[in-house]
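Peer 1: Just passing along the structure, written as structure tokens.
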Amino acid sequence: MSLNEELHSVSRTTAGTVARHDTQETFRSTNPATGAVVGVFPVHDADAVAETVARARVAAQTWAALGFAGRRVRLAAYRGYLARRMHELAELVHRENGKPHADAILEITLAIDHLAWASTHASKTLGPRRVRAGMLAANHAAVLEYQPLGVVGVIGPWNYPVFTPMGSIAYALSAGNAVVFKPSEFTPAIGAWLAAAWRAAVPDVADAFQVVTGSGGTGAALCRAGVGKLAFTGSAATGRTVMATCAETLTPVLMELGGKDAMIVDDDADVAAAAGAAVWGAMSNGGQTCIGIERVYATSAVYDRFVAEVTSQVAGLRPGSDDDAAYGPMTMAGQTDVVRRHLDDARSAGGRVATGGTVDGGFIAPTVLLDVPESSSAVREETFGPTLTIARVRDAEEALQRANASTMGLGGSVFSGSRAKAMDLARRMRSGMTSINSVITFASVPALPFGGVGESGFGRIHGEDGLREFSRAKAITRLRFALPVDLMSFRRPPSATDTLARVMGIVHGSHR
Ligand code: NDP
């Protein structure tokens, strides 16, 4: 029996929920292309969430006690399991999220790569290390280490239902925490599959990774369940609510929120390459990518060529649910309304539709908009659809100014022929991540931290920062030998502090 075939029973037991929950309320997830039911899942209420977190708390002790080496072996078994069943999981992602099978494979590959990096770098990043004790404590050894938080709650979105939550789950588990994951109500089968895969691959600490299903109420219960940290990925609006709920119990939060990422195309850029990257960055996954390109600022020198190149490349793209489709339907019906509103707003503000602009059910044609005023919602708000605005700017400085004039700042891209200029623009771009002469690449580099500024959130997943995000620093000193004079004692002689003041004068007094 495949994991998919097990899903129904998994969905009732993934959280380890006991029989009394068999009568509880359920909900369905459906295929966004056909409306067919993918699975039926329990709505875990506050009691069920509390029970799951209690089991996770017990498992967290076993998991932490395994140490880095013991966890690394088990995390390797998990990623091996995922790699061997990649097509099965990709097929489920295709059915429940709507994206093409090939894009699902790419997403799962990225998640596995992060799992590998996190588990193999945890010991070096978080393990105990001696640090200099300094002048005042020269007779002590000083040790710094990063300890797990216990149970980490993860709340995830539907757009990258494997890669996005795994950015928190892989790093939290590698840091020695147990995880309770609440997937989006639009992709519960994928979340349940990931947890069932864990139970199969790591049976001796099965409760270290569990899933609870439901909608916002289940997520809120997880916020209130006394977890050590809540890692949230989703919209800024829900992020505010999650933060407010977590504040009730002073639960710390990690916020990975939406974006309105910009691309700058400079005078000397490779225009064809920039156009290809913009089209992929804007249209892949139907534009439902937090780090997707939504705005392009092209200098006057390249604008006409860039628009012509983008328009011709977009002409070859088509949404659909077959193997040849470039991208699938909108996963969440409500998002179609947002895209439609932005298109209408852009048109009524004087914007021109260079190509696309049509909406057929959940399928939205790849759309390129020109001359859209910066005040329009299509430029200011996250569209999260297969649309791209292209604006003509005087030079790269104006492009940067406009790119930075956003409340959000997640990722971004710079296309330039000059390495020094591109680096300068990338550094000054108000975002957590920028790719030069490509798009989205930073997300595929496990050693690089991932996260935003402003309304795109705070905190970091991925890389060493991502591992530290799910741990707390612990400082320890150990007396190595006693000194004849102990400054931190009521028995110190009165002359001791005079001597100390003289030494400080000699060491630091010459600095002006
Ligand atoms: P939402 O903010 O609508 O939902 C995110 C998650 O929060 C879902 O699991 C949702 O559950 C849950 N939730 C909803 N209400 C509450 C509540 N009151 N308390 C606790 N949890 C709650 O985002 P989407 O799922 O629509 O995802 C799209 C958004 O995610 C976009 O803005 C996108 O940019 C962003 N995103 C950010 C990324 C990043 O790394 N910065 C990566 C990927 C996406 P339910 O679905 O059941 O309502």
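Glycine residues also receive a Cβ, built from the backbone N, Cα and C atoms like all the rest.
Copied straight from TrEMBL:
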- 1-24: region 'Disordered' (REGION)
- 22-476: domain 'Aldehyde dehydrogenase' (DOMAIN)
- E256: active site (ACT_SITE)
- C290: active site (ACT_SITE)
Peer 1: Might you list, by sequence position, any residue in that chain lying six or more from E256 (active site) with a Cβ less than 8 Å away from its Cβ?
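Peer 2: Same-chain residues close to E256 (active site) (Cβ under 8 Å, separated by 6 or more) are T164, G167, S168, A231, F232, T233, G234, C290, F450, G451, G452, G457, G459, I461.
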Peer 1: Please report the three-state DSSP label of C290 (active site).
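Peer 2: Its secondary structure by DSSP: coil.
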Peer 1: Taking the Cβ of C290 (active site) as centre, how many other Cβ atoms lie within 10 Å?
Peer 2: 27
Peer 1: Tell me, roughly as an integer, the mean pLDDT over the domain 'Aldehyde dehydrogenase' (22-476).
Peer 2: 97
